[in-house]
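Structure first, then comments.
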Amino acid sequence: MKTKKRVTDPFGNKLKELDKTIELKISSELDDNETVLAQLFANCSDLVVRKLHMFGSIPGMVVYLDVLVDDQLWDDGFLEPLMQPEAASSSSSSHIYEILNFKLASIVQPRIAKNMNEVVQSIVRGEVVLFTQSATEAFSFGLKNKLHRQLEEPATEAVIRGPRYGFIEKLDINLALIRHRLRTPRLKTEKLCAGRLSQTDVMIVYIEDLAEQSVVEEMKKRISSIDMDSVLESGYIEELISDHPYSPFPLMQATQRPDLVSGSLIEGKIAVLIDGSPNVLVLPITFWFGFQTAEDYYSNFIYVTMLRWLRYLFAFLAMALPAIFIAITTFHQEMIPTSLALSLAAAREVVPFPAIAEGLIMEITFEALREAGIRLPRPVGQTISIVGALVIGQAAVQAGIISAPQIIVVSVTGIASFLIPNPGMSQAISIIRFPLMFLAASFGLYGVGIGLICVLIHLVTLKSFGVPYMTPIAPFNPTGLTDTLIRAPWRVMRRRQKQTQRRME
Amino acid sequence: MKMKLKGIQVFWIILIMDLGMTLVMTVTPSLQAKQDAWISVIVAGGIATLIALLATQAAKLYPGQTFFEYSHLILGKWIGKAVIVIYLVQWYTITPIILRQFSDLVQVMLLHGTPKEAVMLLMIFVIVYANYAGGIEGIARCGEVLGPIILLMIGLVLIASTNNIQWRNILPVYVDSGMTGILGGALAPASYLGHSVEYLMFAAFLTQQRKGALYTFGAVLTSVFFVLITTLMVIFTLGVNLSSNTWYPFFEMTKKISLFGFIDNFDAIPVVIWLASVFVKFAVMLFLMSYGTAQFLHVRNWRNLIWFIAPVMFVFALIPQDVTEATSNYLQRYWVPFAMPVNMLGLPLLLLVVGKWRQRKRPAAADHA
Amino acid sequence: MTRILRTFRFLVIFVILGLTTGCWDRNEMDDLALVMASGIDLTDDGQLEVTLQIALPTGIPSAVQSGGSGKKSVIVISASGKNSSEVTGKLQQQLSRAIYFGHRGVIIIGEQFARHGINQVVDTFTRFPESRSNSYVLTTCGGTAKEILNTPYQLELIPGIGINKIQSSKLSFPVKIDEFLNALSSQDRSPVTAAIRVIHKGTDKETFTIDRAAVYRRNQLSGYLSSDELKLLRWWTGGGHHLRFTVQVEPENEQYGGTVGVELLQSGMKMHLVIKNDLPEVKVSLHATVRAIDNDSKLDLSKVNHMKRVETLLSKQIQSEAESMLTHVQKVLQSDILGIGEDVHIEYPYAWKKMKDEWLDIFPEVPVTVDAHIKIERTGKTHSPAHKVKTD
C-alpha cells in the first residue's frame, strides 16, 4: 500500500510552540493554575473560573467553558452534591477522588488530569475541571451540553420503504443508532482523534472477525497519521486516507443512513464515524456500490434488478451520451436513419456553432443550473433548475443558437446523472463526460471507444483498501454477482451470509 | 510485487487475442477455400489446439517461471538465448504489423481522412497507460470486463444477420475448392488462433498452475467455435463471390444488417467494440515485449522499458509502404511459413521434448531448479 | 537516470497529445449534401452523366420552421465526364456542401448506359466506404435516370425516399446493390433489377411506376420483362406474396366480366434437375395457395365443382404464362435470371465445372418444363357474389 504524503501547513510550527507551553505541571497552588489558565484562555469571555469550598471545607477551583456545559447538570448533578458539607478527613487527592466518585454518582465518573495539557484538552471538550488545593492532579467531569438536533430523514437519501431517521452531527448518537441495530459485543468501536485545532473525535466501527483486521490496522495508521489543523467533515478523512487521492471515483461511501451502515458492517465492511458530521464513511467499497441503495434490499428483488440495470444504463448515458451524439452526428452520419438524419440536418440548419461547441455550452449551462439549484432553499431550488433549463433551452432553440436535438441529449444526460444514487459516483461520471466529448469531436466513435477503455483501465487499477474496485466482475467472483448484476432474492443471498458467519466461528 | 493471474483471466486474454484478430483479419484469406472456408476453420482449430497442447505441456515443466527463464535451463545458455531471440523477433514484428492493419481498418471503417499516425498514437497511448498503471494484472481485469462484451457483440451481430441468410450459399460442399484450397485457407487462421503459445509466458503468473491448461484449451476451443460460426454466417449472408473480394467480410456482414428499417449501417458499433479486443491484444503484446526484453537484458524494472518499446513499435508500424505490404506480404512471407511452424509448433515441441528428457535424466536437479 | 526517464516519459506523452488533437473527418450535419438517390446515364457523345438527388434540409418542416412545406425539398444536379470520380468532382464544384453518399437509398441505371455495359461504375459502389449495401438498384425503362430523378412524387417529401419505400415494401421487386453485384460476379446467375419508368408524362399527374424488370446478360442490359412476366419471376424467385392473378372462367357477357381474381397466400417453386447427354433437364413446379378476392362471374365458389374449375383454369393459365416467360428469357434475353445454373452448380458440381464457362450459351438450349398447382384456400366472406339474385 502506498504511504501517505504528509500535508504541510504554515500554521503547524506556530501550533507546536503553543503545545510546548501547555506541557506544564499542575501546580499545587490554585492561584498559579488560575494565572496559567487565564493566560491560555485570554480573551475567552466564555471561560468561567469559580473558587469554592468543596464539602464545606476543602478549597477548590472549577474551570469550564460556559457555553459547552449543560446548566441543569451543572446545578443539580454537580454543584449541589459538591457543596454539601462532608466530614473530610484529609485533602489528599486520592481521598477526594473517592468522595467525588461516590458523591457524584449521578454524573459521569471523574477522570484525572495529570498535567496542564490534559486540563486544557478537557476544558475545550466541554468538561468541567476541578482543581483542589495542594493537589497536583485535577479532576474533569463530562457535563457536556448535549447539543444536537432532532433525528430526521436524510434529505439526500430518502426512501419510500425503510427507516426514516438518519445520522446527525453527534458521534454518540450516531453510534447509538448503529448499536440499536447490531446488538452484539462483537461490534467494536475504536476512538481516535484528528486535527490539531479541531480535536475531532473519529471512531472506527467494525464487527470483530468479520472485518479484515489488517484493514482495521491500516485504517488506524492512516487516520492517526493525518496531520491537519482541522478535520471538520468526513470529506477531509475521505480524501486523506484514500488509496488513490487523485481519482475522481469515490473509494468510500459517505452515507447518512444507519441501516445502510449496519448492513455494510455485517458484510465485513468498516465504518468511520466523525464527530460533527452526519456523514459516516463506509469502506472498502466497490464500483457497484455506487449504484446500490439501502432500499434495494427492502423491495421486491425483480423490480430492484430492473432498477439496477436502469441505473447502469443511465450511468453509461450520463457518461457517454453527449460524446456519442457528437461522434455520430459529425462523423458517422450514415448510422442515423435517413428520416432522422434529415430532421437533424434541418434542426442544425440555423445553428452557428459546431456540434461540440453546442454540446459544451449546454452541458456547462446545465451543470451551472444544477449548482445554482443546490444553494437555494429546497423548494425554490428545484423549480429554478428545472424551469431554468426549460426556459433557457426553449429560448436557445427558438433563437436558433442551439439545435433542439442537442437540448434533448443534454436533458437526458442530466436526468441520467440524477439516477445514480451515490453523489460521489454521479460527480465522477459527470467529470468524465467532458474529456469524452473532446475525444468524440476529434476522433468520432474511435475516440469515444479509446476514452471508455481509458476509464476502464483506471477503474480496474483502483483499489479501495486492498479490495479491487471492479470486484466481482474483475477479478471475477461468481458469488458476488448475486448482488451486482442482479439483486438476488434473500433466499439466495442468505447463503452468502452463511459463508461470512462460518468465517466468524 | 509479483503480479498474479487467475485461470479465468488467462481464458479471457487468450480468447480475446485469438478471436478479435482472427475475425477481422483472416476471414478473407481463409475464403480462398470459397464456400468451404468453414472446413478450413475447423482444420485451423485443430492446429490451434495442437499448439495449445504443446504450450501448456511445455509450461508445466518449470512452474512459476516464464519460459524466458527456463529456456536456457533446458537448452543451454546459447541455444536458449537464440530461442528467446526468435520469439522476440516474432513479437517485435507482429505487433507493429497488427498496429498497421488496425489503423488501416479504422481508416476504412470509421475515419477516412484521419492520418494513421494519429490513430496509432492514440492506441499506443492507451496500451502504455494500461501497462504502466496495471501491468498484466490490470490488462487481465480489462479483459474480464471486455471479453463478455465482445462475445455479446459478436452474438448480437450473428443473430441480427439471421434474416439475411441464404442457405444455398454454402453449397456445394468440398468440390469447388478441394483439399489444397481448404488446407491453404486454413493456414492463416491457424496462425492467428495459435496465440495460445503466449501461454508459455502467462503460466508464470498463474495462481493455480494446473487449471491454467484447462482454461487455455477452453479459450482456444471457444474462439474456434465463434470463428467457425462467423465464417459460416459470412458465407450464408454475403456469399462467396463478394466476401472473398472485400478486406473485412465480418464488417461487410454487419453493414448488411437492417432491422425494423431503423437500425441500418450500424457497422461502426461493432468496429468500436472490436477495438476493445485489439486493445487487449496490443496491451498483452506490449507487456510480453517489455517483460521479455527486461528478462533477456536483465533489466530490473520492466516498466521502464515500456517507454522505449512503445515508440519503437510506432516507428516499425510506419515502415510498410501500403496496406498490401503490411498484411499480405508479412502474413505470407513470414508469419505463415516461418512463425507458425517454428515459433508455435517447433520450438514448444523442442522445449517439451528436451525438457522432459532432462527432467527424467536428473529429476532432482529439475526440482531444484 | 530516473530524471532522463521521466523527461522521456513526458516527451512521449506530449508528442502523443500534440499529434492527436485535430479533427480531420469532422463534418457537421449542415455541411453535408445528403444524396438520397443517384442516377447514371450515357450521353449521346459517349460520356458518363451522373445525376444526384440531394435533400434540402431547409425544405423539410421541423418544429422550428413549421412553414417548410412550400419550399422545395430536393435539388437535382447532374454533370458528365469520363468516369465516375471525375463526374463526382465536377458535381462537388457545384455545391457548397460535401457530397455524402451515406444515405443514398436508390441507384438508378439509365437504359442507354445499361445497354452499353455497366462495368465502368460498379466498382465505385463497393469501394466507397460510406456507401450502403442496403440501397436498391433500378434500371430505367425508356428515358434516362435523370428524368426519373426529376419526376415529382406526391406521397413523400423526397422522391428518392419514395422509390426506396416502394422497393422495401416487398410489394415490388427489390434488388439490393449487394445482391446485384453478387449476381454480376457469379457465373451461375445473371443479374436482374426492377425497371422504373415515367407515366403520365407531360401532365401535372406525372409520376413514376415500377412494373417491369430489367434483365442483364453478363454486364449488359438485354431486355425487359413485362409486368405479367415480372409476376412470374417474383413467384419463381420466392417473392410471390400478395401477387394477384385474374382468370377468365366463363365467356364475358353483358352482366359479368366472367373473371375470378385471386391473391397468393403461400407460394413456392420446386426445381427438379437431371443431367442427360451433358445437358441439364429441368422440371419446375409452381405451387400456391390463394384466396379469391373478386368474383365477377356466375360461379358459386362454395361449390366444389365450381372451385375445382377455377383452380384448373388458373393452373393452366399460370402454366402458359410461365412458359411464355421462360421462352422470352431463354430465347430472347438469353440470361439466366432464374438461377438454373445455381442449381446445376449445387446438385452436379462436377458436371458444372465443365459447363460453367459457356453456361450462358448452354442455357437457352436447356429444356424446361413447367406445371402449376393452385389451391384456393379461402374465398373471402362471400361464396357467390352477395348481390346476385338467387335463381334456384
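For all residues, glycine too, the Cβ spot is worked out from N, Cα and C.
Keep in mind that TrEMBL annotations are predicted by a computer and have not been checked by a curator.
Not measured: the values here are computed from a predicted model.
Quick look at what TrEMBL lists:
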type: TRANSMEM; residues: B:12-31; note: transmembrane segment
type: TRANSMEM; residues: B:37-57; note: transmembrane segment
type: TRANSMEM; residues: B:78-98; note: transmembrane segment
type: TRANSMEM; residues: B:118-133; note: transmembrane segment
type: TRANSMEM; residues: B:145-162; note: transmembrane segment
type: TRANSMEM; residues: B:182-206; note: transmembrane segment
type: TRANSMEM; residues: B:213-240; note: transmembrane segment
type: TRANSMEM; residues: B:268-289; note: transmembrane segment
type: TRANSMEM; residues: B:301-319; note: transmembrane segment
type: TRANSMEM; residues: B:334-354; note: transmembrane segment
Applying the under-8 angstroms CB criterion, which one of B:37-57, B:145-162, B:182-206, B:268-289 scores highest with the transmembrane segment (B:213-240)?
B:37-57
Can you tell me which parts of the same chain pack against the transmembrane segment (B:334-354), counting only residues 6+ beyond its ends and a CB-CB cutoff under 8 A?
47, 50-51, 54-55, 57-58, 61, 67, 71, 74-75, 83, 86-87, 90, 93-94, 187-188, 190-191, 194, 197, 200
Near the transmembrane segment (B:118-133), which residues from the same chain, at least 6 beyond its ends, have a CB less than 8 A from one of its CBs?
99-100, 102-103, 106-107, 111, 139, 142, 278-279, 282-283, 286-287, 290, 303, 306-307, 310, 313-314, 317
Lying 6 or more residues past either end of the transmembrane segment (B:182-206) yet within Cβ distance under 8 Å of it, the residues of that chain are 2-7, 10, 13-14, 17-18, 21-22, 25-27, 29-33, 36-37, 39-41, 43-45, 47-48, 51-52, 54-56, 58-60, 63-69, 136-137, 174, 212, 216, 219-220, 223-224, 227, 284, 288, 291-292, 331, 335-336, 339-340, 343-344, 348, 351
Could you give the residue numbers and ranges of same-chain residues that sit at least 6 residues beyond the transmembrane segment (B:145-162) on either side and whose C-beta is under 8 angstroms from one of its C-beta atoms?
12, 15-16, 19-20, 23, 226, 229-230, 233, 236-237, 250, 253-254, 256-257, 259, 263, 269-270, 273-274, 276-277, 279-280
